[in-house]
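Trainee: Next up is a structure, given as structure tokens.
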Amino acid sequence: MVHNETQNNDFETFKSTSTKSSNTTYFDPKQATKYLIGADGLSAEEMMDSRKNGGLTYNDFLILPGYIDFPASEVSLESRITRNIVLKTPFMSSPMDTVTETDMAINMALLGGVGVIHSNCSPDEQADMVRKVKKFENGFITDPVCLTPNHTVADVRRIKAQFGYSGIPITANGKLYSILLGIVTARDIQFHEDDTTLLKDVMTTDLVVAQEGVTLDEANQILRSSKRGKLPIVNSRGELVSLLARSDLLKNLNFPLASKSPHSKQLICAAAVGTRSDDKLRLRKLVDAGLDIVVLDSSQGNSLFQIEMIKYIKKTYGDNLDIIAGNVVTREQAASLIEAGADALRVGMGSGSICITQEIMSVGRPQGSAVYKVAQFADQFDIPVIADGGIQNVGHITKALALGASAVMMGSLLAGTTESPGEYFYHEGQRLKKYRGMGSLDAMERHATQGTSGKSNDNNAAKRYFSERDVVKVAQGVAGAVVDKGSIRKFVPYLISGLQHGLQDIGAKNLKRLRDDVKGDKIRFELRTASAQIEGGVHGLYS
Ligand code: IMP
């Protein structure tokens, strides 16, 4: 152990302040902190020395606690996730067709993160999802089911049975952005026995409406005083643009953390594309729909195709579109993509819960080492890094951020929520939703089984993992199911709060402080033996 000068001086003080009791000499307890020699645990650099410790992942280590002088609620989780985009919470949802479509992307953005819309669908379908996120206004229903005056009472009853909606706006052509003519409410048809009656004969035409541009507060006020069930919002031409429902009044909470573009105030939206030439056309549609961040979705990002794609995107869209390139796990891979112009890197190969890449391809890297090494390298160029895959709990998020990531990307943790695509089903008494790897055979065959446009070039999952010329497909992922986790509106706040408590225990009031103190060796780590891992989990309970 090295004694420096201060410590020697401390030792002198010790001699003058120590007390003797029988044969043992004690230091003055009031000066205990002065007698700390060296620091407990390992620095991140010492821990991540792969020659000594091998490749590490989240369960292999712990962060040692620091000093708390602030409440957990004051911990800021703000983070820059690409060169130009800062979020209030460092969470991203994976571009997977069982994780992120419109609903997930809207709710992730409302809660301060961002959703990455998958590309395992036609370019038009993907662009449509991006458009819905960008056009979303909290509280306003922007895609209400509408009917024409020539639909019948039976149609209203069918919609009520199928979706539960009872106030249906009637427009000239039965679509949004068409002249609003009336509204049919449950009361209009409650005692109506003839199902074939046309809606023009039963609809309410004495309407209370609000003009486009009205704020949510103003619209709620109008809704309250009008005593109606629905408030249609119309533009200057009298066309329906959205709807507000009384039943949603209490649900229209504020979202103070929402991720919004500074200029348009619209929610921030990300989407994945591949690196083939037809992905350039796909990207054009996504950008026209308002895309903020493009994620180049490749399991091994260090390729000529990706480098050319990055250069093409930078040349075509300049700084209007941030690129998250990847995936990478080594500094060498990272260097190529940074040089090409990436605005952030996505790190992870083989760490995903549904991933079998490491077994099948024999390539990849334990996720803790991958995040640390790439983040350390990228930091020199001020390029943020996103830890993608392998996040099984909130503690893993804290660890990924401590290793230098600016955000985490989650698949399994967000699958099985109300906002993830797909229907719930029951198996052995459990309520489940499907979750599958995009490299699973199940996902590759989506276009054939799920009725998208059916063209093979619409299916980007196949391109992420296979060459189109592959005759025999080798799956890199599996398909399974995860249990119902409820809504991310409750789950993400839990993750936020868990992360704030983790940072409080470490003694870091914000993520910059966390990273700086790890870099400065002030935050310390310890490796966990196999038995330490067992000790750290729940054990010894009867039930
Ligand atoms: P999870 O959060 O551990 O479930 O991992 C999700 C991540 O796994 C995604 O963001 C992708 O990077 C990755 N991934 C998705 N599908 C596959 C696959 O089929 N094989 C390998 N990795 C996948």
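FYI, residue positions are counted from 1 along the chain as it appears here.
The backbone N, Cα and C atoms fix where each Cβ goes, and this holds for glycine too.
Got these off TrEMBL a minute ago, pasting:
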type	residues	note
REGION	1-23	region 'Disordered'
COMPBIAS	1-11	compositional bias 'Polar residues'
DOMAIN	140-202	domain 'CBS'
DOMAIN	203-259	domain 'CBS'
BINDING	GLY350, GLY352, CYS355, SER531	K(+) binding site
BINDING	SER353, ASP388, GLY389, GLY390, GLY411, SER412, TYR435, ARG436, GLY437, MET438, GLY439, GLN476	IMP binding site
ACT_SITE	CYS355	active site, thioimidate intermediate
ACT_SITE	ARG464	active site, proton acceptor
Trainee: Spatially, which candidate from the binding-site residues GLY350, GLY352, CYS355, SER531 is nearest to GLY411 (IMP binding site), comparing Cα atoms?
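Mentor: When the Cα distances are compared, GLY352 comes out closest.
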Trainee: I need the nearest neighbour of GLY350 (K(+) binding site) among the binding-site residues GLY389, TYR435, GLY437, GLY439, using C-alpha distances.
Mentor: GLY389
Trainee: Can you tell me how the residues of the domain 'CBS' (203-259) break down into helix, strand and coil by DSSP?
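Mentor: Tallying H, G and I as helix, E and B as strand, the rest coil: 17 helix, 15 strand, 25 coil.
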Trainee: Neighbour count first, Cβ atoms within 10 Å, every protein chain included; then name which of SER353, SER531 tops the list of binding-site residues.
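Mentor: Of the binding-site residues SER353, SER531, the most buried by Cβ count within 10 Å is SER353.
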Trainee: Which binding-site residues out of GLY350, TYR435, SER531 lie by ligand 1, going by a Cβ under 6 Å?
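Mentor: Those binding-site residues that pass the cut-off are none, since no Cβ is under 6 Å from ligand 1.
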Trainee: Could you check which of these binding-site residues, GLY352, CYS355, SER531, sit within 10 Å of GLY437 (IMP binding site), going Cα to Cα?
Mentor: GLY352, CYS355
Trainee: To see if you understand the setup: which same-chain residues, six or more apart in sequence, place their Cβ under 8 Å from that of GLY389 (IMP binding site)?
Mentor: SER94, GLY348, GLY350, SER351, GLY352, SER353, CYS355, GLN367, MET409, GLY411
Trainee: Roughly where does the domain 'CBS' (140-202) sit in mean pLDDT, to the nearest integer?
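Mentor: On average, pLDDT over the domain 'CBS' (140-202) sits at 89.
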Trainee: Expressed to the nearest Å, what is the distance separating GLY439 (IMP binding site) and SER531 (K(+) binding site) at their Cα atoms?
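Mentor: Distance (Cα to Cα, whole Å): 34 Å.
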Trainee: Let me check the 10 A CB neighbour count of GLY350 (K(+) binding site). How many other CB atoms are there?
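Mentor: For GLY350 (K(+) binding site), the 10 Å Cβ neighbour count is 24.
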Trainee: Write out how many residues of the domain 'CBS' (140-202) are helix, how many strand and how many coil, based on DSSP.
Mentor: 18 helix, 14 strand, 31 coil
